[in-house]
Amino acid sequence: MSEEVAQGPKESPPAPRPGPREVWKKGGRLMSVLLSVNVLLLACTLISGGAFNKVAVYDTDVFALLTTMMLLSAFWILFYVLRTARCPDAIPYRDAHAGPIWLRGGLVLFGICTLVMDVFKTGYYSSFFECQSAIKILHPIIQAMFVIVQTYFLWVSAKDCIHVHLDLTRCGLMFTLTTNLAIWMAAVVDESVHQAHSNNSPHTNGSQARLTHDAERAGNPVGGDPCPCNTAICQIFQQGYFYLYPFNIEYSLFASTMLYVMWKNVGRLLTSSHGHSHAPSPVSLFRETFFIGPILGLMLFVVGLAVFIIYEVQVSGEGSETQQALVIYYSFNIVCLGLMTLVSLSGSIIYRFDRRAMDHHKNPTRTLDVALLMGAALGQYAISYYSIVAVVVGMPKDLLGGLNLAHALLLIAQHTFQNVFIIESLHRGPPETEPQDTAPKEPCHGLTFANLDALHTLPSCPPTPRLVGPSSTGPQEAEAIILAPRGHWRRRCLKDISLFLLLCNVILWIMPAFGARPHFSNTVEVDFYGYALWAAIVNICLPFGIFYRMHAVSSLLEVYVLS
């Protein structure tokens, strides 16, 4: 005792100093980010410059850059796969949250559609190869190869926490991510040029118009179309690959999100139980639901498809047909957005009665999901506020102006309440982490009670255990069989809500992704801002709104599984 007093209290051992890998962790990340930013800015400069007639940047320059980037990324992916196969200790941990099956399944689906698009583009450019550069025919072939290699890589390696060649791996992952973002930007710009030329002259194809002004900038005389697409096969290829652009856009964004999570997991240390603390239960569609959400969602989905077809048929007609198509389109969207807003608000209210603990573990996948939801929603927020200002200041007195204003306000409300619901759902623990006092304690396990009053003398028993009569002939009033744990009705409601919102987001993705552009058919904003400014606003912000819908679908599917 005296020795302890003389020596004083024992000091706690000093914390272990981080090793050289941990010291250079931020430096390695910074180096990979700087590489990505510089390459991305170069790609953005060429892609945006190639969209304007007065800039001497041609399609061949853009295709050459993208082809080079895809080849380098494919070579690095092959190096990664071969290196990890030869080094069994390269991946000591795997992040259970990264690369869920629905995200990888969506990646495969969009990848298959991208391969079909590449076949169509190859056939289209090969139809008049005598006036084409070889790089235009080579580009879709290289892109198809890149999609196959990258899809396999992300399917088998999305959960990796690699611990060898950290800096090289970070740079390779970030360069591949930049390649996908460059492909995404090229597809968005090409689709925007196509939409702009379609609005100006419905019979002119965007790629043909670009070929025309490319020839003019090169100083070649253009008396007609330099590369005519006269055959039926060429026209099928021409129309087909533009309709498949939305799938290529979503594939690039899905791959980018998965690559970012892999980049965050490079060198990450996990405990043995961390990756399984939030593991979802097996997926069973429509299981443990009230069927109200799925049925109502399917009804809106079918009605939405019919409205979309009617809109596409009538919007290019005479003035009365165009106005009728816009009224139908806005009316459906107002009803759908209003229901989604109320349902999202109801889900948030249900969470007020949910006693599940919040999950505060470090999770790069969840952090990225929240950031993408909030960031992508800004695109639709911007379009909505521009529309509100144009409608309110321009003071249109007709029905179409009122529907446009209501549509813009409901878009803001729906995005806000849906984000609140999804983010709160992603931060909730799984059903197994509900308060422990609802689980049967050991002294009561396997006991059979005939007297209900005897339960109150056993504090260790749950308040609602399973009661069985003393015999098969006993009174039915003495039997109280609980088939589900407490809070089961809340989980059913949350599953219905998530499925309803999922189906609604799918139809609201299909409409703008496949060509519905009421922003230009409705002349309120065009007359107020001018076509050039309004087209720039829509072409910049709308791709983020389209991505928001598809990313919300993947997040709501996770909410459904974890509810």
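The backbone N, Cα and C atoms fix where each Cβ goes, and this holds for glycine too.
Owing to the predicted nature of the structure, the values given are computational and were not obtained by experimental measurement.
What TrEMBL lists as region 'Disordered' is 1-21.
The transmembrane segment annotation in TrEMBL covers 30-50 (among others).
For 62-81 (among others), the entry in TrEMBL reads transmembrane segment.
Panel annotation: around the transmembrane segment (101-117), residues 140, 143-144, 147-148, 151, 154-155, 158, 240-241, 244-245, 247-248, 250-251, 254-255, 257-258, 283, 550, 554, 557-558, 561 of the same chain, lying at least six beyond its termini, place a Cβ under 8 Å from a Cβ of the stretch. According to TrEMBL, the transmembrane segment annotation covers 101-117 (among others).
Per TrEMBL, transmembrane segment is recorded for 137-156 (among others).
If one looks beyond the transmembrane segment (251-270) by at least 6 residues along the same chain, the residues whose Cβ comes under 8 Å of a Cβ in the stretch are 21-22, 25, 29, 32, 93, 95, 98-99, 103-104, 106-107, 110-111, 113-114, 147, 150, 154, 157-163, 166, 169-170, 173-174, 176-177, 180-181, 183-184, 187, 364-365, 368, 372, 547, 550-551. Sequence annotations record features per position, and here TrEMBL assigns transmembrane segment to 251-270 (among others).
Taken from TrEMBL, the feature transmembrane segment covers 290-311 (among others).
The transmembrane segment annotation in TrEMBL covers 327-351 (among others).
Residues or ranges marked as transmembrane segment by TrEMBL: 371-393 (among others).
Residues or ranges marked as transmembrane segment by TrEMBL: 497-516 (among others).
For the transmembrane segment (528-548), the list of distant contacts is 188, 192, 195-196, 246, 249-250, 253, 372-373, 375-380, 382-383, 386, 389-390, 393-394, 415, 509, 512-513, 517, 519-520: same-chain residues at least six beyond its ends, Cβ to Cβ under 8 Å. Positions annotated as transmembrane segment by TrEMBL: 528-548 (among others).
Same-chain residues lying 6 or more positions outside the transmembrane segment (327-351) and placing a CB less than 8 Å from one of its CB atoms are 293, 296, 300, 303-304, 307, 310-311, 399-400, 403-404, 406-407, 410-411, 413-414, 417-418, 420-421, 424-425, 428, 490, 493-494, 497-498, 500-501, 504, 507-508, 511, 516, 518. The stretch in 30-50, 371-393, 497-516 that contributes the largest number of Cβ pairs under 8 Å to the transmembrane segment (290-311) is 497-516.
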